[in-house]
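Here's the structure, in structure tokens; my notes come after.
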Amino acid sequence: MALLHTPTALVYAVLLLLSSTLVASIQYCHTGADFCFAATQQHNTSSDSHDVYLTISATPSRNGGWIGVGFGREMKGSLMFIIYEDRESRSLITSVRSASGHVMPKVLEDVEDQVSVLQATVSDNKYLAEFICYSCWSPDVEVKGLSPYIFAGNREQSFHSADKYSSLMYHEFKGKVWGNMTVDTEDTTENSAPSIQGDEIIGIASDSPDSPKKPKGFFTPVRVHGTIMTISFMGLYFAGSVAIRSPVVRAFKYHWMIQAGASVLALGNGLYMFLRSTHFGPHKIIGLTILCSLIIQAAAGYKHHIDFVKIRRQTIFTLVHRWLGRGILLFGTMNVGVGMYYRKWSTLGLFTWFVIWCIEIAGYGYVLLQHQRRQSQQRGHAIPKEDLEEIADAEVFDIGGDLDDDEDGVEDSVHPHTLFLT
Ligand code: HEM
Ligand code: HEM
Ligand SMILES: *[C@@H]1O[C@H](CO)[C@@H](O)[C@H](O)[C@H]1NC(C)=O
Ligand SMILES: *[C@@H]1O[C@H](CO)[C@@H](O)[C@H](O)[C@H]1NC(C)=O
């Protein structure tokens, strides 16, 4: 600067000022988050395509945080420009990423040809980054003349010894806006990133052009899934497992009918969800394991029953069925809570689920305890088990009709009939 004459510097300053106002661009500011981005689309004559110039500015929080802007209508498939500060070197990291769905976006390798970073600075407590993305825009991305942009950020995360691969915490805020890219035709020779103009909102449509196309009612696939799985695991399996241990006549019939119904619901709905999914987290891994166990569980239950009718004794299938069943009950109900957690339920919602879960576990424990008590009471009568079963058998035949209901129950639960007999 010292080399320039003052008038020359002045002319440069005026030119710079002019040039920054000459390029019309879209701009969006998220006031609560103190962050803005601006974009222009410019025709590149040598490649005969449209380059996008993107500027992101943000006022960092005490921790720094991350901010991202993406080209696209949703996380999946969007080209994302993410910035965060390395706290040690006080430098701004730029990370160009894309995501396969609602998961942490992955760094795109070898994008140097497509994206160049014009600037990335931390100054005066302001982050400023400028990008050029070559051939990043075409009229095809538009919906009714508007181009989709997404943005998101987390102001709590602080980055130490960060690089472009640093892992990001879930966003605290996110959104989608539509830009009218046809407004910036005034100065196509100006090959520079747009500057941020105050906290104005420029060229952003107030209504989403595709909202009427996608009427997202209350019954989204995920809500239906959650409802069915809650009914199945917190309701039906629980009821069916309690049934086999309660002193009711038709315990066995109730048990297998309820469990079979719940399994049809869970398997059908679970398979549908896995066919839709693109990535696997803990919720889906637990879910898939449970679905596989359900098949083993039903087979073991059936085998136990067939064997028991013949030989009147517990087999290995009894043990498998009993303990796998308890496992399914425990992890299945737990996975309802895990699913709610990933769907960002409120603390109150999660707490309510937890209370119900505790009540169910305790209630099940109580039913098992009562069942054991009845069993030992019965032993107190000093009738050998085999005899008892013979008596019961005879009695069952006398009554008739309830054969199926009784035979399994008799082996360790006292039925009104048998009590009456002894
Ligand atoms: C840290 C890794 C990230 C994770 C784990 C993540 C996860 C998620 C999840 C679970 C949702 C669905 C929320 C709901 O339906 O209520 C979502 C939505 C969204 N996220 Fe992310 N996200 C991450 C990073 C990003 C980044 C870097 C951006 C933008 C640059 C972004 C932008 C959005 C937007 C715009 C939505 C709403 C639209 C949509 O459903 O795709 N996310 N994200
Ligand atoms: C697939 C879903 C099923 C689940 C989650 C399930 C769950 C359970 C549980 C937890 C118990 C043990 C109760 C306890 O002592 O804690 C049990 C016992 C039993 N289940 Fe199932 N069950 C299922 C299907 C079936 C089917 C389809 C049948 C019959 C065809 C069956 C027959 C039995 C019998 C006979 C017992 C008593 C076993 C014993 O003497 O301990 N179950 N079941
Ligand atoms: C046009 O695009 C090419 C790459 O596609 C790039 O190297 C060149 O700098 C662009 N021209 C201008 C004026 O930005
Ligand atoms: C975009 O802006 C141009 C010029 O201001 C206007 O004529 C056009 O209607 C706008 N398009 C949409 C979809 O709002």
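For all residues, glycine too, the Cβ spot is worked out from N, Cα and C.
Quick caveat, the model's predicted, so the values are computed rather than measured.
Per TrEMBL, the features are as follows:
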SIGNAL    1-25  signal peptide
DOMAIN    29-177  domain 'Cellobiose dehydrogenase-like cytochrome'
TRANSMEM  224-244  transmembrane segment
TRANSMEM  256-275  transmembrane segment
TRANSMEM  281-302  transmembrane segment
TRANSMEM  323-342  transmembrane segment
TRANSMEM  348-369  transmembrane segment
Considering the transmembrane segment (281-302), which listed stretch of 224-244, 256-275, 323-342, 348-369 counts the most C-beta pairs under 8 Å: 323-342
Selection from 224-244, 256-275, 348-369, the stretch that has most Cβ pairs under 8 A to the transmembrane segment (323-342): 224-244
Residues of the parent chain within Cβ reach of the transmembrane segment (256-275), under 8 Å, 6 or more residues beyond its termini: 221, 224-225, 228-229, 231-233, 235-237, 239-241, 243, 284, 287-288, 290-291, 294-295, 297-298, 301, 305, 332
Helix, strand and coil counts within the domain 'Cellobiose dehydrogenase-like cytochrome' (29-177) (DSSP): 3 helix, 87 strand, 59 coil
Intrachain neighbours beyond the transmembrane segment (224-244), with Cβ under 8 angstroms and 6 or more residues off its ends: 251-252, 254-259, 261-262, 265-266, 269-270, 272-273, 325-326, 328-329, 332-333, 335-336, 339-340, 343, 356-357, 360, 363-364, 367, 408-409
Segment-level pLDDT (mean, integer) for the domain 'Cellobiose dehydrogenase-like cytochrome' (29-177): 92
